[in-house]
């Protein structure tokens with residue numbers, strides 16, 4: 001297991017900027033609005049050949065509102081989980097009451113943690129002089145840095161990583177986890193789903209749409225298979241995104257889909273499927289990802305023995321050509337079908353990466369063609385000679401024929417349905433290419 005480094009501090013001291021500086025990418029959302037990073041956000045990093053996990057947190061804030069209290073709880077959980085804590089302060093703002101409270105908490109309650117006291121935004125000679133006052137706080141000797149410009153960050157990382165032993169396992173560790181993007185419109189229950197699976201309040205859950213702003217990775221193991229759950233801010237209509245933060249969050253959702261193996265598209269059972277839901281599903285299909293539709297809050301629906309069947313029939317009538325996407329009725333609150341959803345997603349991932357030998361495919365083709373005759377066009381008959389699978393991240397099949405222009409839509413659909421039925425390719429897009437031979 002890679003060592004975990006947590007960035008903690010009050011809102012807007014530059015935690016996300018330092019997070020991005022260390023990882024050399026724009027990963028956490030950076031904005032001058034306090035509280036932009038609400039949840040614990042974890043990413044893998046490397047410095048001087050040593051690998052680690054870096055955790056960005058929502059700011060430590062003693063305000064009494066619901067979100068601030070939840071952010072405080074997340075900060076405390078981050079400290080408990082971490083091997084090393086970077087306590088970040090802001091030289092421009094000086095030491096605040098929150099800084100002193102957090103510092104005392106770290107020294108009193110978490111004295112066994114390895115602590116690095118860091119003063120950020122030291123970007124001018126005058127600010128360097130101002131930073132000297134932080135030495136008298138009684139905390140560990142501070143590091144003076146500028147996360148924005150990068151000054152002092154390398155020296156800080158050298159000292160932090162110096163104490164982290166590198167194991168052979170760490171060097172040889174390979175990524176074999178199945179990546180699942182939990183996506184959907186705001187407030188459909190994505191974070192509750194992740195929290196129920198992980199058994200801890202990993203993400204801030206609130207009935208306020210948009211509570212989860214970043215895409216946040218969580219790892220867990222089920223039946224000896226490692227999974228990475230990517231929880232995202234809900235995708236809203238572009239017309240409703242009236243601020244930069246919401247734009248970045250929606251962009252993060254799209255990127256989460258791009259890097260996942262299977263998209264878990266979550267709907268609220270009450271309103272049912274809407275245009276924006278279809279947009280999200282199509283986003284996964286266009287990127288050739290596996291897809292699973294989760295109908296959440298099923299426990300709140302009045303139902304009888306036929307309700308789920310009627311609901312699914314209505315749902316599929318609005319889904320057009322996406323009948324291959326499986327549907328599961330779940331409840332993040334009662335945990336109904338939660339683990340079945342993960343098992344189904346694992347099967348979809350396996351379907352997506354399945355390799356079928358050419359001999360098996362051509363035996364299938366011979367059997368399929370014995371039940372139908374390809375239609376003719378302009379008096380010319382389509383003749384398929386053989387087929388094979390092309391190496392790709394999803395099932396791509398090449399059919400070699402006398403004239404690709406003779407292939408009509410109904411015959412293409414016939415072959416797709418037969419392929420899905422015969423090889424159990426549920427939940428994954430199929431590409432078929434007809435080539436002249």
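In case you wondered, yes, glycine gets a Cβ from its N, Cα and C as well.
The annotation GTP 1 binding site is assigned in Swiss-Prot to 9-16, 56-60, 120-123 on the grounds of sequence analysis. Sequence annotations record features per position, and here Swiss-Prot assigns GTP 2 binding site to 184-191, 231-235, 296-299. Under the heading domain 'EngA-type G 1', Swiss-Prot lists 3-168. Residues annotated as domain 'EngA-type G 2' in Swiss-Prot: 178-353. Among the features that Swiss-Prot reports, domain 'KH-like' is placed at 354-437, with the record citing sequence analysis.
Here the features listed in Swiss-Prot are painted onto the structure.
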residue : record             : DSSP (3 states)
9       : GTP 1 binding site : coil
15      : GTP 1 binding site : helix
57      : GTP 1 binding site : coil
122     : GTP 1 binding site : coil
184     : GTP 2 binding site : strand
190     : GTP 2 binding site : helix
298     : GTP 2 binding site : helix
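When Cβ atoms from all protein chains are considered, those within 10 Å of residue 15 (GTP 1 binding site) total 29, not counting its own. Of the binding-site residues 12, 57, 187, 57 has the largest number of other Cβ atoms within 10 Å of its own Cβ. Other Cβ atoms within 10 Å of the Cβ of residue 298 (GTP 2 binding site), summed over all protein chains shown, number 23. Residue 298 (GTP 2 binding site) sits 52 Å from residue 122 (GTP 1 binding site), taking the C-alpha atoms as the reference points. When the Cα atoms are compared, residue 15 (GTP 1 binding site) and residue 190 (GTP 2 binding site) turn out to be 25 Å apart.
Comparing CA positions across the binding-site residues 9, 12, 57, 122, the one lying closest to residue 184 (GTP 2 binding site) turns out to be 57. Cα separation, residue 9 (GTP 1 binding site) to residue 187 (GTP 2 binding site), rounded: 28 Å. Its Cβ placed at the centre, residue 9 (GTP 1 binding site) has 24 other Cβ atoms within 10 Å. Within 10 Å of the C-beta of residue 122 (GTP 1 binding site) we count 26 further C-beta atoms, all protein chains included.
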